[in-house]
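In TrEMBL this protein carries:
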| type | residues | note |
| --- | --- | --- |
| ACT_SITE | B:C85 | active site, nucleophile |
| ACT_SITE | B:H194 | active site |
| ACT_SITE | B:E196 | active site |
Amino acid sequence: MPKPEILDPQGKAVLGALPRLGFSGVTDVRQGKRFELAFEGEVTDAVLAEVEKMAETLLSNPVIENYAVRVES
Amino acid sequence: MRVGVVTFPGSLDDVDAQRAVQVGGHEAVALWHGDHDLRGVDAVVLPGGFSYGDYLRCGAISRFSPVMTEVVEAARRGLPVLGICNGFQILCESRLLPGALIRNQRQKFLCLDQPLTIENNRTPWTSAYAEGAEVVIALKNGEGAFVADEETLDRLEGEGQVVARYRGQNPNGSLRDIAGICNERGNVVGLMPHPEHSVEELTGTGTDGLGFFTSLAASVLA
């Protein structure tokens, strides 16, 4: 996700479009990205540590983005 | 001088940059993203375009191309490197320059004749300009808004690392109207406008961009 202090023009455009379609009550929209990584076998702590590294080096830009890692089966 | 121009998959302005290098009085050397080789050049230009389709983030994938390993290492040793537009994005993703470039504030792709002020003429790419020179250079980008935290912005301003600033209306939402910056040493310059499109009267917005390519000789001879 873009960090809270970073302007998110895409989110703002979506926020502007919602009332035009009759949706009300939304006060803010932030647009981010979701990556789904598949692994063979169990996602161990070692695998998770690798994923954290991937998130830091390539998947996100820590200058402007925050990330969170979640395991789903 | 021999000036390398890197071609990434999706680079658009590499040939224009090569031509600008020649108009500026240098030999242009084509460099390939997949090679671990700078072919002994005296300076490198990372050109504009949409390398890797701007997938993931602009410049994020190019940053890890083999040639960039060499560029990053040579830049740390002092090799002059100029990143234009997508090249600027690659320099930020490589952490050779601070901050990042995000989507234009009003979402639209821009293409205009952009007035700029050259604020730092002590880099190898800007020494041909007078400090405070007012120029007009082509600007075309979709993700050209420069952002960084307040502390970084203050440091850039305090250390004279703001190389060029937008004059008049801010076209893309760049913080503090920043159009270009350099690293602490000054050898690495990132610029959102396209000086390579402003080097000949016949095409482009005049010749105000030529100084970025003639500066090299001046700075080396100085």
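Glycine is no exception: its Cβ is also placed from the backbone N, Cα and C atoms.
Other C-beta atoms found within 10 angstroms of the C-beta of B:C85 (active site, nucleophile) number 30, with every protein chain shown included.
The Cβ of B:H194 has fewer other Cβ atoms within 10 Å than any other of the active-site residues B:H194, B:E196. In this structure, the C-alpha atom of the residue listed as 'active site, nucleophile' lies 7 angstrom from that of B:H194 (active site).
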